[in-house]
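Novice: Below you'll find the structure I mean.
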Ligand SMILES: Cc1cc2nc3c(=O)[nH]c(=O)nc-3n(C[C@H](O)[C@H](O)[C@H](O)COP(=O)(O)OP(=O)(O)OC[C@H]3O[C@@H](n4cnc5c(N)ncnc54)[C@H](O)[C@@H]3O)c2cc1C
Ligand SMILES: Nc1ncnc2c1ncn2[C@@H]1O[C@H](COP(=O)(O)OP(=O)(O)OP(=O)(O)O)[C@@H](O)[C@H]1O
């Protein structure tokens, strides 16, 4: 009856089904690409200059990851809860690839007798970016997504369900499935940007055309399935905001103070003992459950990077990273002091890729911070993780307030500036060949791993838009391709902010490279890690190697000295106004 079997045993027996209650599941295999058949977690210690190994995030082995998953799910289980619904409900998984604190999944379960979880591999995700036609999803992010799907399928099976994986547009797939399964509702999480909202509208419209006749009594159920959208991506719920998103303050600090004083964070949704059963209908007409795709099947190829961070996708890895960062390594205690680092696993939480795919709920992080504050200590650092998550909320809500203007050149403030689209300059930035080690190292890290620190992102953004004068959207779209944690709201929100077309009260944010290097990479450890040719240089020369490195492609806007001391630059006046985020 209780379906919560050991994650370790489920992994070991990937081809068997842990839930004996479901007829459909018997003899079904989790169909995984070869690269996922054995997830071999091999944690390594911290990176150091010159080392060329990859470092897995989280740095736990597979048994530890399973154990953390099991313990967390146990803490969040609510075995006595009863469902009271009828018929079949569909869960359309989008950027909410988790079981815990997933309100769409919970609502589907409570309002039905059987739940069918579905994921659509939408070809539009693998098209090109809007203006500059870069790949819309780089191979690293696609690989992370594949891992998320495999992990979700596994967790759903543990809870008595499965994941139907289909290739195609949700507006084509969901109505067909709703019809075949006579579903009364498709539950999904609401998104905010126009591309995603457009798909929601198309799905909703297509569902309205589906007429379900069989087995329904008209007084109990509507004739056609409906799309029920649920809010679930932010820490503060949209319905709890002090005003509707259209009237929210433009400036972050005002937004933060307002939500902190007037709102509370809702509790996470707990889990019943089983989410099953699945609907009794056969999936034969749909070709079975579908496979977790391989990178090849998505038309992508990724050379294996041999250094830097390697994130593991999925909810179990996400929960394990929270456990590792907060409890095992006790790093939450010092987060505020370390968060501006650039090298290694532990200077910051690294939660962002899992937040983007919804493997991790921000409310869960909030509850873990509060638990840590009770059990261990509360200080500036414990608060600061929440402070940063409010930045994330802020950009999500701003995307509602400002709509498509966050993607436009003039940004939300419709600023009219001159920008260049010089491809020689842009490509030198993109490929890490600018002649500035701090820029080049960060861009190589992004390309190799799909990740870059927040400090690095601010520096390379400032360099591209302020020193090179390049159209900020080129930078934003390259980030869209490469980042594992790419999220339209945070990405375009931060880029408009950095380019001076967003809602930053300071319009002249300039990050001086020599000053940044001196403060955040004083011994050149970071640049030498990504640019091993600098290793042989004395530490103080690595960020200002002169002729020992490639020629600088542009001078810096406020002086081009690479002196280690930041105090004598003509740009100091500007630097004092650098916004410390
Ligand atoms: C130009 C630029 C582009 C960016 N693009 C993205 C993006 O596409 N997706 C994304 O998630 N973040 C983006 N960020 C924000 C930030 O850099 C990353 O969230 C952060 O580096 C992720 O690392 P972490 O999880 O270790 O962060 P931590 O420092 O540990 O912060 C914890 C969490 O707070 C949130 N957070 C922190 N800083 C920000 C911020 N400035 N804006 C929004 N949320 C924040 C993230 O969810 C993060 O996981 C961008 C920043 C810049 C300057
Ligand atoms: N999730 C998303 N990720 C990236 N870009 C998005 C997303 N959602 C919407 N956009 C962008 O929003 C814009 C669509 O808005 P709009 O209709 O104003 O554009 P458009 O008229 O096609 O663009 P333009 O007139 O600027 O060429 C596009 O730039 C599109 O790429």
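Cβ coordinates come from backbone N, Cα and C, glycine included.
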Novice: Among the residue ranges 534-557, 558-581, I'd like the one that TrEMBL describes as region 'Disordered'.
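Specialist: Within the set 534-557, 558-581, TrEMBL attaches region 'Disordered' to 558-581.
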Novice: In the domain 'Photolyase/cryptochrome alpha/beta' (87-226), how many residues does DSSP assign to helix, to strand and to coil?
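Specialist: Helix (H, G, I), strand (E, B), coil: 59 helix, 28 strand, 53 coil.
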Novice: Could you check which of the recorded sites 419, 472, 495 is the closest Cα neighbour of residue 388 (FAD binding site)?
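Specialist: Looking at Cα distances from residue 388 (FAD binding site), the smallest one goes to 495.
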Novice: Going by Cα-Cα distance, pick out whichever of the recorded sites 419, 472, 495 is nearest to residue 350 (FAD binding site).
Specialist: 495
Novice: Find the shortest Cα-Cα separation between residue 394 (FAD binding site) and the recorded sites 419, 472, 495, and name the residue that gives it.
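Specialist: Spatially nearest to residue 394 (FAD binding site) by Cα position is 495.
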Novice: Using the alpha carbons only, what distance in Å do you get between residue 486 (FAD binding site) and residue 472 (site 'Electron transfer via tryptophanyl radical') once rounded?
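Specialist: Each residue's Cα considered, residue 486 (FAD binding site) and residue 472 (site 'Electron transfer via tryptophanyl radical') end up 16 Å apart.
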Novice: Taking ligand 1 as the reference, state which of the binding-site residues 335, 391, 486 have a Cβ closer than 6 Å to one of its atoms.
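Specialist: So the answer is 391, 486.
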Novice: I'd like to know which of the recorded positions 335, 391, 419 sit within 10 A of residue 472 (site 'Electron transfer via tryptophanyl radical') at the Cα level.
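Specialist: Hits: 419.
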